[in-house]
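Worksheet for the structure shown next.
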Protein chains: 2
Amino acid sequence: MTWLDLPADHPFGLHNLPYGVFSTGGPDGERRVGVRVGDHVLDLAACAERAGMESAVVWRGGSLDAFLAEGRPAWTAARAWLQDHLSDDAARDCVEPNLVPVGEVTMHLPFTVADYVDFYASEHHATNVGRIFRPDSEPLTPNWKHLPIGYHGRAGTVVVSGTDVVRPTGQRRPPTQEAPVFGPSVRLDIEAELGFVVGGPATGLGRRVDLDDADDHLFGVVLLNDWSARDLQAWEYVPLGPFLGKSFATTVGPWVVTTDALRAARVPLPGQDPEPLPYLRGRDGADGGPGTAYGLDVHVEVEWNGTAVSRPEYRDMYWSPVQMLTHLTVNGATIRPGDLFGSGTISGADPGTRGSFLELSWSGQEPLTLDDGSQRSFLEDGDTVTLRATAPGPDGSVVGFGECTGTVRPAV
Amino acid sequence: MTWLDLPADHPFGLHNLPYGVFSTGGPDGERRVGVRVGDHVLDLAACAERAGMESAVVWRGGSLDAFLAEGRPAWTAARAWLQDHLSDDAARDCVEPNLVPVGEVTMHLPFTVADYVDFYASEHHATNVGRIFRPDSEPLTPNWKHLPIGYHGRAGTVVVSGTDVVRPTGQRRPPTQEAPVFGPSVRLDIEAELGFVVGGPATGLGRRVDLDDADDHLFGVVLLNDWSARDLQAWEYVPLGPFLGKSFATTVGPWVVTTDALRAARVPLPGQDPEPLPYLRGRDGADGGPGTAYGLDVHVEVEWNGTAVSRPEYRDMYWSPVQMLTHLTVNGATIRPGDLFGSGTISGADPGTRGSFLELSWSGQEPLTLDDGSQRSFLEDGDTVTLRATAPGPDGSVVGFGECTGTVRPAV
């Protein structure tokens with residue numbers, strides 16, 4: 001397949017080629033845009049300059065920002081150029097000297113997050129949370145099946161995998177009290193999600209993105225952990241939604257897997273009833289194919305201190321990423337390159353596929369037992385959570401997302 | 001007072017000196033940082049360069065971003081330097097050639113908005129909205145007097161005064177129906193607010209800002225109109241808060257009035273009962289002075305198609321801007337220069353001081369009559385809303401904020 005020594009089943013083969021930002025010589029080294037190839041990272045600007053590409057400048061600057069802004073034609077051209085060069089013996093001279101072993105790099109936040117939105121697209125997650133947070137009401141609110149519910153989060157606290165997460169402090173109200181108490185969160189949780197990275201030129205104010213065009217604005221997908229302090233969230237979130245219970249940290253994986261690499265992972269949605277309003281409908285899939293409003297067959301794994309505690313399946317999600325993007329702009333809101341939106345927690349009907357500890361421990365009533373024998377409902381200081389994911393690629397290949405990991409540090 | 005021909009009661013005298021970004025020759029002209037002096041705008045970089053200041057470079061770049069990042073010592077030094085130069089006859093040569101009549105400039109968004117948060121700090125507004133949106137519950141939620149409730153908004157749709165606002169389209173549910181309908185908002189509203197502009201170096205993840213230090217992170221204040229589609233908002237906001245009902249546009253005034261210029265406008269808060277948790281308490285004011293958790297005596301006027309329909313008083317607000325900033329970081333969330341937070345609608349006990357049309361028309365039950373005899377509850381296409389504000393300055397002077405205006409265009 002390629003002169004690179006890559007086994008056909010490698011999750012970072014030429015069918016994948018996710019983008020990231022790395023440095024060598026530690027975290028303070030110069031930041032460079034790279035693409036993951038097998039167990040190496042290719043320094044893209046250096047390779048493209050050596051190849052005499054004028055457009056190499058788009059990969060200078062230490063982030064994906066300029067490349068994101070270019071849009072679909074440039075992304076497609078770059079992918080084709082990379083696949084050519086990585087399989088053409090004649091291009092060895094510009095590739096080989098610019099490959100860095102992945103063990104020698106430090107990864108950084110791959111792009112400047114413009115606006116960050118988090119959706120709530122799993123029916124099973126929304127139902128579980130409704131049962132736990134609002135036991136006296138219908139678990140799904142009346143709007144839930146008519147629109148992908150979302151809210152804005154804090155872009156400035158999106159951090160890259162490997163960043164320590166300091167336990168947040170704030171107000172919570174113990175169940176038996178009228179007044180809140182102050183202190184470190186005692187119900188620190190995760191949410192296993194995918195994050196969608198928006199690119200292409202900024203849209204104009206008042207212009208909406210049609211669902212059938214939404215894909216042109218989606219550059220790629222990252223693993224995302226929406227750390228959540230459930231006690232802070234429960235006290236603060238009525239009536240204006242989650243705020244400090246979420247804003248302390250959101251971790252994204254270092255590798256942006258392109259939507260091009262995920263073509264073979266498209267699947268039909270599990271089914272939407274009632275049928276959504278026309279602006280949220282895409283073209284039907286021919287011959288049972290996924291259609292414009294597609295789902296994604298991504299398998300996620302949640303590991304807690306080395307124990308795999310859940311295996312969420314992204315194909316169970318009710319709303320499609322293109323429906324989320326379309327909804328986000330239906331009111332005329334602009335999108336900009338670098339916008340990021342999370343899917344919301346990925347949870348399925350099976351308890352072993354729930355994407356938050358709130359659900360896995362049923363609000364602490366059913367603690368989990370880890371491989372070392374310890375019991376957990378929520379995170380303790382020193383705990384490490386790692387998300388991993390794969391998706392089917394073309395011809396039986398596997399697309400890897402890498403890891404999205406973080407360790408909890410004590411409150412300060 | 002100065003060799004400039006400025007009457008002592010001018011709202012843009014040397015006691016004010018708000019910052020903005022302007023161009024000449026239309027909106028596409030080069031963007032320059034300016035300070036408002038009387039009926040002129042001083043080109044700051046040009047003036048400082050002419051004066052031989054090395055630090056003039058901070059005002060190059062077409063935005064306030066670099067100046068915001070410098071922090072309180074630089075802001076104080078710049079203010080003193082400006083007040084000196086504008087009152088010193090010897091500095092006429094570097095000032096006079098760089099003064100542009102305010103009628104010849106186009107104003108721009110003065111800084112890159114990093115994260116945008118909107119609070120809900122008026123007890124009267126929150127009570128009124130609670131009565132209208134949730135008539136069967138207590139109007140104030142149990143958390144309201146314990147913490148300044150807030151949520152993240154869309155930074156990418158913050159626009160400068162004068163930008164047209166396109167009526168948003170989306171889902172709303174008519175009162176008698178089960179299912180939503182789709183179309184342009186029929187309850188388009190405003191929220192008259194102040195916006196607080198954060199500056200100084202970014203804080204580190206996990207570090208919180210103490211209330212008594214919060215002022216060092218507050219660069220200045222702008223007028224802010226949080227345009228709101230009440231029908232979209234009512235349908236979507238449970239359980240995760242306002243989203244598309246707000247995210248289509250937020251207008252800010254062109255002039256950032258510095259917190260230094262508002263020292264004389266500090267007043268005690270109207271009173272907080274119950275006493276907030278210790279992290280939200282500041283030092284008491286000596287001799288009945290405002291204390292660290294101060295209010296601001298800013299008089300706002302809301303004009304609808306030329307008719308003054310409301311005069312909100314900022315001194316009625318329950319929560320202090322420094323309490324809002326402190327709360328925002330208590331969970332360890334970072335702040336960055338360019339962060340912007342709105343106060344929430346400014347409404348007082350008197351109906352003539354309500355800061356939204358939802359409240360002024362009591363959800364459409366009591367329409368307003370404008371000076372031209374027309375009646376209004378919510379905005380019609382072509383309507384123009386203008387916010388203005390003043391505050392007391394030192395020695396009987398007045399601090400002006402300029403105008404924050406926008407005209408509604410039909411949905412597209």
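Yeah, the Cβs are placed from backbone N, Cα and C, and that goes for glycine too.
Unlike curated records, TrEMBL annotations are generated automatically.
Here's what TrEMBL has on this protein:
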type	residues	note
DOMAIN	A:15-110	domain 'Fumarylacetoacetase N-terminal'
DOMAIN	A:117-408	domain 'Fumarylacetoacetase-like C-terminal'
BINDING	A:Asp118, A:Glu191, A:Glu193, A:Asp226	Ca(2+) binding site
BINDING	A:Tyr120, A:Arg134, A:Gln233, A:Tyr237, A:Thr345	substrate binding site
ACT_SITE	A:His125	active site, proton acceptor
BINDING	A:Asp226, A:Lys246, A:Thr250	Mg(2+) binding site
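In this structure the C-alpha atoms belonging to A:Tyr237 (substrate binding site) and A:Lys246 (Mg(2+) binding site) are separated by 10 Å. The Ca(2+) site is set by A:Asp118, A:Glu191, A:Glu193, A:Asp226; from the centre of their CB atoms, other residues of the chain with a CB within 8 Å are A:Ala192, A:Leu224, A:Asn225, A:Ser228, A:Lys246, A:Thr250, A:Gly342, A:Ser343, A:Gly344, A:Thr345. Each of the binding-site residues A:Gln233, A:Thr250 was scored by the other Cβ atoms within 10 Å of its Cβ; the lowest score goes to A:Gln233.
For A:Glu193 (Ca(2+) binding site) paired with A:Arg134 (substrate binding site), the C-alpha to C-alpha distance reads 23 Å. When Cα-Cα distances from A:Asp226 (Ca(2+) binding site) are compared across the binding-site residues A:Tyr120, A:Arg134, A:Lys246, A:Thr250, the shortest belongs to A:Thr250. Here A:Tyr120 (substrate binding site) is compared against the binding-site residues A:Glu191, A:Lys246, A:Thr250, and the shortest C-alpha distance is to A:Glu191. A separation of roughly 15 Å, to the nearest angstrom, links the Cα atoms of A:Asp118 (Ca(2+) binding site) and A:Gln233 (substrate binding site). Using a cut-off of under 8 A between C-beta atoms, the recorded positions A:Tyr120, A:His125, A:Glu191, A:Gln233, A:Tyr237, A:Thr250 that neighbour chain B are A:Tyr120, A:Tyr237.
Residues of the domain 'Fumarylacetoacetase N-terminal' (A:15-110) grouped by DSSP class, helix first, strand second and coil last, total 48 helix, 23 strand, 25 coil.
Of the candidate recorded positions, A:His125, A:Arg134, A:Glu191, A:Gln233, A:Thr345, the one lying closest to A:Lys246 (Mg(2+) binding site) when CA atoms are compared is A:Gln233.
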